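J.: Before we start, here is the structure in question, set down as structure tokens.
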Amino acid sequence: MSTYTRPVKLLLCGLLLLTLAIAVLNTLVPLWLAQASLPTWQVGMVSSSYFTGNLVGTLFTGYLIKRIGFNRSYYLASLIFAAGCVGLGVMVGFWSWMSWRFIAGIGCAMIWVVVESALMCSGTSHNRGRLLAAYMMVYYVGTFLGQLLVSKVSGELLHVLPWVTGMILAGILPLLFTRIVNQQTEARYSTSISAMLKLRQARLGVNGCIISGIVLGSLYGLMPLYLKHQGMANASIGFWMAVLVSAGILGQWPVGRLADKFGRLLVLRVQVFVVILGSIVMLTQAAMAPALFILGAAGFTLYPVAMAWACEKVEHHQLVAMNQALLLSYTVGSLLGPSFTAMLMQNYSDNLLFLMIASVSFIYLLMLLRNAGQTPNPVAHI
């Protein structure tokens, strides 16, 4: 059977449109708030409300999928996200926008849980790496194109909201032409997120998602600041960030293919070692271009491989709950990592960005090496 079935292709098409909308709003909302003369701390609170919504949406989407299935959960998630977008045009103000961004955060998290869970339930141990690699490629391409859109179109609030809302609603259309089977409704057992987080044999995957959140959150959030402090102009910063993200896009398919062929454990070890190597090279400031490229290629592909590892350790009816646990772990890492790293950079040195990334990656590498006796690709429950 083909890895990229018709439902998978249509699901990824819808995700591309939704990711474009997410990228545009995540870039423009802080700018709109600044134009409205809101203080910096309020801009930060609005951003935090979005991520809080992500956490809330992650927690209950599994129950929703079990009750109404993948398709209806996807439709509902998209409509919630669209409502959060439309609400921004109702009233510009701190409390109003904090509420609407919270709602948008819930919708976005629901979309991610539905898409990731559907892909994992559609795959097997032999092709999940490629499925998740395709998912991440679509996500990063959508993010890149969203940034491109921001630079090419009018950034006025009332000009942007109509076409972004239309794009969100258009993201629903592909799934109207297919049905994603939810086999979890046939399961007799109920699985909780906490049970998945405590599952000993999947701990490497959970820890990998936390580390991935720390690494990517720090690179996304703090790399532009690091480059700015090196005296670079905005155009140069944009170029180097494009190198980083492009490397992440290019690395997805080959890494996913290698993980399917040679096993997740071996590939995870190599990835983490390469992240450490890239961080050390960045500390020496010897060769920024290759260092950033290998950081992007290894760091941006860590999440899907760690996710595939964890999913091989559970029964088929536990996949949605496991995906919730992994996405929750990633979100926590992406929230805590940049916050702690930013404090270190402010109080000591900007180089602590890469020292922090190398340190947490080294800890994870030790965890991976301790599991040398385990089979790299455990038998999956199909």
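The backbone N, Cα and C atoms fix where each Cβ goes, glycine too.
So Swiss-Prot has the following annotated:
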| type | residues | note |
| --- | --- | --- |
| TRANSMEM | 14-34 | transmembrane segment |
| TRANSMEM | 45-65 | transmembrane segment |
| TRANSMEM | 75-95 | transmembrane segment |
| TRANSMEM | 102-122 | transmembrane segment |
| TRANSMEM | 131-151 | transmembrane segment |
| TRANSMEM | 157-177 | transmembrane segment |
| TRANSMEM | 204-224 | transmembrane segment |
| TRANSMEM | 235-255 | transmembrane segment |
| TRANSMEM | 265-284 | transmembrane segment |
| TRANSMEM | 289-311 | transmembrane segment |
| TRANSMEM | 325-345 | transmembrane segment |
| TRANSMEM | 349-369 | transmembrane segment |
J.: Run the contact check on the transmembrane segment (265-284) against the transmembrane segment (45-65): 3 or more C-beta pairs under 8 Å, excluding pairs closer than 6 in sequence.
T.: no
J.: Using a cut-off of under 8 Å between C-beta atoms, tell me which stretch among 14-34, 45-65, 235-255 contacts the transmembrane segment (325-345) the most.
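T.: Looking at each of 14-34, 45-65, 235-255 in turn, the most contacts to the transmembrane segment (325-345) are made by 45-65.
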J.: With an 8 Å cut-off on Cβ pairs and a sequence gap of 6 or more, do the transmembrane segment (157-177) and the transmembrane segment (75-95) reach 3 or more such pairs?
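T.: These two stretches do touch.
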J.: Looking at the transmembrane segment (75-95) and the transmembrane segment (204-224), are there 3+ C-beta pairs under 8 A, with each pair at least 6 apart in sequence?
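T.: Taking Cβ pairs at least 6 residues apart, the transmembrane segment (204-224) and the transmembrane segment (75-95) are not in contact, as fewer than 3 fall under 8 Å.
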J.: Using a Cβ-Cβ cut-off of under 8 Å, list the residues of the same chain that are 6+ residues beyond the ends of the transmembrane segment (45-65) and lie near it.
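T.: Answer is 26, 29-30, 33, 38, 73, 76-77, 94, 97-99, 101-110, 112-114, 117, 182, 184, 193, 320-321, 323-324, 327-328, 331-332, 335.
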J.: Below 8 Å between Cβ atoms, which of the listed ranges 14-34, 204-224, 289-311 makes the most pairs with the transmembrane segment (131-151)?
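T.: By the under-8 Å Cβ criterion, the transmembrane segment (131-151) pairs most with 14-34.
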J.: Do any residues of this chain, six or more beyond the ends of the transmembrane segment (204-224), have a C-beta under 8 angstroms from a C-beta of it, and if so which?
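T.: Same-chain residues near the transmembrane segment (204-224) but 6 or more away: 196-197, 237, 240-241, 244, 265, 268, 272, 275, 295-296, 299-300, 302-303, 305-311, 313, 325-327, 329-338, 341-342, 345, 353, 356-357, 360-361, 363-364, 367-368, 371.
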J.: How about long-range neighbours of the transmembrane segment (102-122): same chain, 6 or more residues beyond its ends, C-beta under 8 Å?
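T.: Sequence-remote neighbours of the transmembrane segment (102-122) are 5, 7-8, 11, 15, 18, 22, 25, 49-58, 61-62, 64-65, 70, 73-74, 76-85, 87, 128, 131-132, 135, 180, 182-184, 307-308, 311, 316, 319-320, 322-324, 327, 331.
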